[in-house]
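K.L.:
This is the structure I have questions about; it appears just below.
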Amino acid sequence: MYHLLKGLHAHLTRKDEYSVVIIGLDNVSVLILNSFFQGTSADEPCASGGEDGELKNGPITTVAAELCSLKTMLERIKTMYNATPGMPPDKIGPTVGQNIGKISLPSTTLSFFDLGGQRDIRSIWPRYYDECHAVAFVLDACDQARLNETWEVFDEVLNSPRLLNLPLLLLANKQDAPTCLSVQEIRESFDAWHRARTDDDLDATEEGSPSRDEMSGTADPESQDKKRRAAERMASLDVMGVSALEGDGVREAVNWLYIRVQNARPLGD
């Protein structure tokens, strides 16, 4: 009877584990991830990544263009969701290897991977796409000088065939700063950038030059269908404002992920 009751208890208290990849450019504060972790039980410490770089049991992956930015986000999540607070911002240094953490939510465990993400590390991001259940792209809403670079990177993510059927959330960070762009301004900026790039391609085609798709070898019907789906995704893209430093909007972002990962690809895929 004891073993029967023990098995029933284990079944009733079992939690599914989901993964989310969080990516972005440098100067994007990793304080967001940090915020996610305050409140998780103390017996659920941050895990460490496998040497092969694989996601263990469906972790949420945090990737950004600068190692230090990612780690700040992860530490912020720990402070918000775990009993043990994360590292204070002034003590945070660049990530070496993989920095991983988990949070416990009703019936669900979310795991986060801080991989680091300098320019030469971004090439490994796609290795994690096949095992994740959602993606959050974090941008610095105060760094207008780098918005074009941000949109170039984001557009690659948006058009990745591996992610077309997964939830994608765009987070405009540093909403606590008076000089930051609002959520509406961020959306308008990306729309304007995308229109300008499309116009450039049309102009090049009219002049007899190969389009961006032709140069990259993606002008076939299948690729065009993927671009159509990506365009549909862009139209329905959710953009949320957050402050990793203050924690504003972080819980709303976690709730967004929590709801949508459960309707993403089946566990184990």
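Yeah, the Cβs are placed from backbone N, Cα and C, and that goes for glycine too.
Just so you know, TrEMBL annotations are computer predictions that nobody has curated.
What TrEMBL lists as Mg(2+) binding site is T95. Per TrEMBL, the feature GTP binding site maps to G117, N173, K174, Q175, D176. Residues or ranges marked as region 'Disordered' by TrEMBL: 197-232.
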K.L.:
Validating a neighbour-count step here. Other CB atoms within 10 A of the CB of Q175 (GTP binding site): how many?
P.N.:
21
K.L.:
By the DSSP assignment reduced to helix, strand and coil, which category contains N173 (GTP binding site)?
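P.N.:
Going by the DSSP assignment, N173 (GTP binding site) falls within a strand, counted as strand.
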K.L.:
These are the binding-site residues: N173, K174, D176. Which one scores highest on other Cβ atoms within 10 Å?
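P.N.:
Of the binding-site residues N173, K174, D176, the highest Cβ count within 10 Å belongs to N173.
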